[in-house]
């Protein structure tokens, strides 16, 4: 290796390291989003800095007029000057901070962890039996005992305090777990403040309950002195007790939400996959219904398998005769990349951006459908240009490959637009049978690829005789069969319309089921967090009679 090659690798590595270190500001950024989103944003940040480095290198070469060969010392010097220029540009705080904050927002930092914390804070929580016993003993030592409390009105306070204590005990023990060691070192100060808040809160709850008992004794003393029927005194005592309990419950709720933020951050920071996050929340005691499988990855996996099998069979039965320089393997690779990229362009924006979805009004966004087709067309052009430059060589080879692939470009636009239209969540909403929906998808997809095959053969053939032959029939038949297979699998998997049956609320006794609809998912969580972790399980409401109210 020449000095220039070594310097290029070293400078590029320094650029990536500099960009990665600059992205992780503040240091808690990783714990506020999922691993996939975080590392994707880091890769994008490093890629932008690499692009800036290469741009500075090219500009400096042009400005300094360096015409020496690539391995010369002059080009190596320009390389290091470009690295120094990138470092200086990164030191400009307004520029680097704006880019970093934009990528942070795209990665869901910190909104994703906050939405997840809000989500789990509203879920039923039931810790393990050993945690419950430990929390009960700790609260009794501080003068909080729900078993001996004579006031039913204070039972919600005891329930909230029990939940907060159980969650706090688990968070307090995180510093003893190796898997959470790095995260706990990062949030040591926040855990310490949480401990202080819990101590103050528990003693305040104890004093509040003692004050309520004193008010009850005042009522007893008043009854002993013949003022038992004083309605004004009863109302004042009732309002005073209610206000005291409401204030304490509000403080407990704030503590529980803050503890939920730390719990959500810890789970996000230490679990890379959705299954691991589900298991971690369930171990902590958050009740969850069965989560849906990752249909999106299944959709792309099935699409890749179908395309590989279909293209291999097609080229075995119908070898290419157009004289192009691409081999069968290279053709399959190019077509597979184009199709998978088209599916990603048409499907992924719906999961992350509101403009690509029908939303609550269930109206297909026509601008996104057309834009998806146009972007898929542009992606196909870029892939063919790159394939031509690699296989044939140079700009002339890239243009030659683009000319060879020109008849297939309308098919790419049609596929992108059709997938964007079919994968809308409200598509075929009136059709309850999943097989009927898959049949409609297969019919439209197959018809679209049949039309694409006809158009492609029409552009390729010079005469009508060349068009009406067995190769056209084979291409049309392959387009129909492969398109129908893709349509029967992909669009239904890419729609988000299913609700787990286990999450439906059971109707209370004596009430019709229509008055107890299933609890909906929290929309803010679904909009910001693509990895659906948990779904809330509604708890039955029990009417509690209050002695003071009576």
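Cβ coordinates are placed from backbone N, Cα and C, and glycine is handled just like the others.
The stretch that TrEMBL tags with transmembrane segment, taken from the ranges 236-259, 260-283, 332-355, is 332-355. Using a Cβ-Cβ cut-off under 8 Å and counting only residues 6 or more beyond its ends in the same chain, the transmembrane segment (332-355) has close neighbours at 296, 299-300, 303-304, 307-308, 311-312, 315, 326, 365, 367-368, 372, 375-376, 379-380, 383-384, 387, 405, 412, 415-417, 419-420, 423-425, 490, 494, 496, 527, 530. Segment contact holds for the transmembrane segment (472-490) and the transmembrane segment (300-320), given three or more CB pairs below 8 angstroms at sequence separation of 6 or more. Within the chain carrying the transmembrane segment (405-422), a Cβ under 8 angstroms from the stretch's Cβ atoms is held by residues 334, 338-339, 342-343, 345-347, 350, 356, 364, 368-370, 372-377, 379-381, 384, 441, 444-445, 448-449, 451-453, 455-457, 459-460, 487, 490-491, all 6 or more beyond its ends.
Of the candidate ranges 77-96, 367-393, 442-460, 77-96 contributes the most Cβ pairs within a distance under 8 Å of the transmembrane segment (6-24).
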